[in-house]
Amino acid sequence: MTLSDFAVEGGSVIEGLVGFTLAIATIVAGAWVAIVAYRGYTRSENPSTLYLAAGVALASAGYTGTRILIPTVGGSSLLTSAVATAIQFVGLALVLYAVYGRSQLRTWHVLGGAAVGGGLVLLVPFALVAALDASLSVATAGGNGVTAVLGAFIGVQALRGYRRYGRRSMQWLAVGIVLLTVVPFLVLNVLTVFRSTVGVSDAAGLGLVLFIELIGVLAVLVSLKIE
């Protein structure tokens, strides 16, 4: 996802610039969320806050940054999708532990489980192509589907926390994670299936997805700023 990739299939230069700007904004916002969460950890020394900081950074800034970096150095679209999705999965696994995890688990248990899960997700697109001769769009959707399911589960758990304890921060976290994972997955698949009917260029569709992801990251930031 280099700058030229934002202006394909009828996308204008303006659409490309807007999309690239949204991608950079998402990376900056994700990094800022991580900094805010880490500051909260230094005050409270609550390990779950530290996992939240690392998880959000990977799921947003790491994910978007990877989609820009790998194509820039010549990596294939399949490799880009697989690595970015795996990184996002690891981040979401850390967020899940921050929301739902058991405090008695050791750090290496949490990180090891997240890394193993990310490794398996990394293989999903390649497995779909090798075993089923799937197209790039199907292989990408398969990997993104895994993170979308995990994101939906985190959203449900965060909402349960909101209903149980009345913490609005959990409500905003649920909204942010769903916007970061589930909604982009659905939008991309709808645009892919109904491309000829909708008449939206790839650049415009990508820009829309990036905008949704940015709003999701900002919602997570709001969750850290309120009680």
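First residue shown is number 1, and so on along the chain.
Glycine is treated like the rest: Cβ placed from N, Cα and C.
According to TrEMBL:
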- 20-38: transmembrane segment (TRANSMEM)
- 50-70: transmembrane segment (TRANSMEM)
- 76-99: transmembrane segment (TRANSMEM)
- 111-132: transmembrane segment (TRANSMEM)
- 138-159: transmembrane segment (TRANSMEM)
- 171-191: transmembrane segment (TRANSMEM)
- 203-224: transmembrane segment (TRANSMEM)
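Within the chain, the transmembrane segment (20-38) has long-range Cβ neighbours (under 8 A, six or more residues past its boundaries) at 1, 3, 6, 49-50, 52-54, 56-57, 59-62, 64-65, 67-68, 207, 210-211, 213-214, 217-218, 220-221, 224-225.
Residues 1-2, 23, 26-31, 33-38, 40-41, 79-80, 83-85, 87-88, 90-99, 101, 110, 177, 180-181, 210, 213, 216-217, 220 of the same chain lie 6+ residues outside the transmembrane segment (50-70) yet bring a C-beta within less than 8 angstroms of a C-beta in it. Counting Cβ pairs under 8 Å to the transmembrane segment (138-159), the top-ranked stretch among 111-132, 171-191, 203-224 is 171-191.
Using a Cβ-Cβ cut-off under 8 Å and counting only residues 6 or more beyond its ends in the same chain, the transmembrane segment (171-191) has close neighbours at 59-60, 88, 92, 95, 99, 141, 144-145, 147-148, 150-152, 154-156, 158-159, 162, 198, 200, 205, 208-209, 212-213, 215-223, 226. Sequence-remote contacts of a segment are chain residues at least 6 beyond its ends whose Cβ falls under 8 Å from one of its Cβ atoms, and for the transmembrane segment (111-132) they are 78, 81-83, 85-87, 89-90, 93-94, 97, 138-140, 142-143, 146-147.
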